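Here is the structure we will look at, set down as structure tokens.
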Amino acid sequence: MESTMKGIRGDNAPCVLDLDDAATVGGGVGDTYGEDCATEEQLVTPWTVSVASGYNLLRDPRYNKGLAFNERERETHYLRGLLPPAIVSQELQERKIMHNIRQYQLPLQKYMAMMDLQEGNERLFYKLLIDNVEELLPVVYTPTVGEACQKYGSIFSRPQGLYISLKEKGKILEVLKNWPERSIQVIVVTDGERILGLGDLGCQGMGIPVGKLALYTALGGVRPSACLPITLDVGTNNEALPNDEFYIGLRQKRATAQEYADFLHEFMTAVKQNYGEKVLIQFEDFANHNAFELLAKYGTTHLVFNDDIQGTASVVLSGLVAALKLVGGSLSEHSYLFLGVGEAGTGIAELIALEISRQTKAPIEECRKKIWLVDSKGLIVSSRKETLQHFKKPWAHEHEPVGNLLDAVKTIKPTVLIGTSGKGQTFTQEVVEAISSFNERPVIFALSNPTSQSECTAEQAYTWSKGRAVFASGSPFDPVEYDGKIYVPGQANNAYIFPGFGLGVVMSGAIRVHDDMLLAASEALAQQVTQENFDKGLTYPPFSNIRKISAHIAANVAAKAYELGLASRRPRPKDLVKYAESCMYSPLYRNYR
């Protein structure tokens with residue numbers, strides 16, 4: 001991927017390893033609020049300077065415990081009479097909230113209930129999410145977050161992050177200073193142009209950064225106070241939004257060209273000036289034409305990560321490495337066909353080629369020839385090269401033109417079929433039957449989100465392949481029974497990678513992201529798949545172990561950062577897994593004196 005970005009930047013452009021790692025302010029794992037020591041008693045309560053009453057304390061989500069405040073705390077912090085006399089444990093509160101959430105019939109109702117809880121009692125929100133991750137992940141993230149973004153104007157109640165619009169051009173640094181936290185370690189930013197498979201949602205894309213950062217804390221242990229969701233509102237080309245009376249963003253066409261570039265550059269400069277060199281900036285759901293350019297432009301000057309390009313690539317590569325245990329062979333012995341040539345597709349393809357190159361010592365140009373991509377005009381071939389966008393050109397191989405996916409499958413005869421098209425039901429019965437006709441165990445990854453945009457369902461993949469497919473999807477599917485056997489589909493969810501990856505970057509004080517760090521994350525995830533998982537046909541471990549998985553990913557990423565000379569936190573901890581676990585935020589209530 002670094003080679004692709006270097007191609008966009010120019011042949012003489014530097015690599016991230018060419019850079020000086022001069023220390024600057026920001027980054028690290030400094031724990032301003034003692035959030036990592038959740039069960040310790042605090043000598044001086046942090047709100048005593050600014051909070052004059054217990055009434056305000058109950059409305060501060062970071063410190064509110066509701067009915068879990070004990071008798072001494074109620075007396076000391078002016079809470080007498082503001083709460084009913086009952087004192088309950090956090091565990092009982094958790095059971096009550098889960099009971100209430102399960103009463104809702106609609107996923108969006110559950111989403112709104114979770115967001116209300118986050119705004120009222122932060123620790124209980126994260127306790128709930130951590131303890132019930134498999135049940136609640138689809139609620140706070142994909143697929144429900146897609147519907148939440150579509151209706152964000154209608155359900156918006158209070159700000160959960162920063163909105164920086166074109167109105168603030170020239171004043172972005174001042175806007176950043178309006179955010180109350182100063183020790184920011186991870187920023188997730190979107191401009192809302194390509195939300196999941198739903199298109200341009202403008203300012204309503206804020207649901208994505210909010211959801212991603214909730215997972216950074218719950219799954220990766222990055223402290224909530226160190227996370228900042230940001231939406232850059234540069235307008236929208238979705239004609240329905242400006243005509244919606246509840247729309248919360250600018251009612252104008254999207255800024256483009258130099259106006260857009262200048263706005264983004266001011267933002268990136270202001271972030272580094274305000275938060276330092278070591279704040280991780282995660283680009284999320286930018287359109288293809290901007291995503292690659294931004295990653296290429298700022299990859300050598302800022303600590304940046306594009307989850308759609310790099311995170312997706314890392315999690316899919318991990319799934320493929322694990323799938324080899326089921327189908328046999330090495331990465332270099334398989335052939336790959338992609339439907340979809342956007343950020344996700346080309347990012348995955350490049351990381352696969354990079355890993356094949358690393359394993360075989362062959363030039364990456366040769367490794368790319370094992371990978372074929374199909375876009376809306378058919379197979380990417382060399383005769384189309386002059387009309388292709390820059391990020392597609394490395395995949396234009398010598399071959400006669402092929403007009404559609406089915407013909408491409410029959411011609412290329414891939415062993416692995418990967419969908420990143422954003423278009424549902426494109427892996428038709430004919431396509432699945434075709435790839436199954438020349439593969440004993442075809443690998444089929446239908447990765448597009450949300451569920452309605454998945455290239456095929458788990459049931460279709462297993463049924464049409466007669467139970468032989470090794471299947472994974474981007475959105476969750478229920479287990480499938482076929483011919484008397486239960487098949488459990490894997491979920492190639494970025495949430496496996498980015499929380500642990502971010503923790504590894506933060507705890508090592510990394511100053512840049514390198515492709516080898518992505519490979520390290522993939523390897524760590526693949527190593528967590530057990531024989532029991534393989535026996536069920538799974539290529540990913542269960543989410544119930546996600547914090548342990550994230551700690552191992554963080555350790556692997558940090559180790560690679562130290563090896564590459566990109567880590568600034570010295571000395572290097574002896575046991576990186578234990579150090580990662582020690583850095584993780586705990587949602588347990590603390591006792592206040």
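Here, residue 1 is simply the first one shown, and the rest follow in order.
Keep in mind that glycine also has a Cβ here, set from the backbone N, Cα and C atoms.
In TrEMBL, annotation is done automatically, which means it is predicted and not curated.
These features come from TrEMBL:
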- 118-299: domain 'Malic enzyme N-terminal' (DOMAIN)
- Tyr141: active site, proton donor (ACT_SITE)
- Arg194, Asn449, Asn493: (S)-malate binding site (BINDING)
- Glu284, Asp285, Asp308: divalent metal cation binding site (BINDING)
- 309-562: domain 'Malic enzyme NAD-binding' (DOMAIN)
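If you take the Cα of Tyr141 (active site, proton donor) and the Cα of Asn449 ((S)-malate binding site), they are about 11 angstrom apart, rounded to a whole number. Cβ neighbour count for Asn493 ((S)-malate binding site) (all protein chains, 10 Å cutoff from its Cβ): 27. With the fewest other C-beta atoms within 10 Å around its C-beta, Asp308 stands out among the binding-site residues Glu284, Asp285, Asp308. Between the alpha carbons (Cα) of Asp308 (divalent metal cation binding site) and Asn449 ((S)-malate binding site) lies a span of roughly 11 Å. Within the same chain, residues at least 6 positions away in sequence whose Cβ sits under 8 Å from that of Arg194 ((S)-malate binding site) are Asp200, Asp285, Phe286, Ala287, Asn288, Asp308. In this structure the C-alpha atoms belonging to Asn449 ((S)-malate binding site) and Glu284 (divalent metal cation binding site) are separated by 14 Å. Taking the C-alpha positions, the distance from Asn493 ((S)-malate binding site) to Glu284 (divalent metal cation binding site) comes to 15 Å. Per-residue pLDDT, averaged along the domain 'Malic enzyme N-terminal' (118-299), amounts to 94 for this model. Cβ neighbours within 10 Å of Tyr141 (active site, proton donor), excluding its own Cβ and spanning all shown chains: 26. Taking the mean position of the Cβ atoms of Glu284, Asp285, Asp308 as the divalent metal cation site, the remaining same-chain residues with a Cβ inside 8 Å of that point are Thr190, Arg194, Ile195, Ile208, Phe283, Phe286, Ala291, Asn306, Asp307, Glu343.
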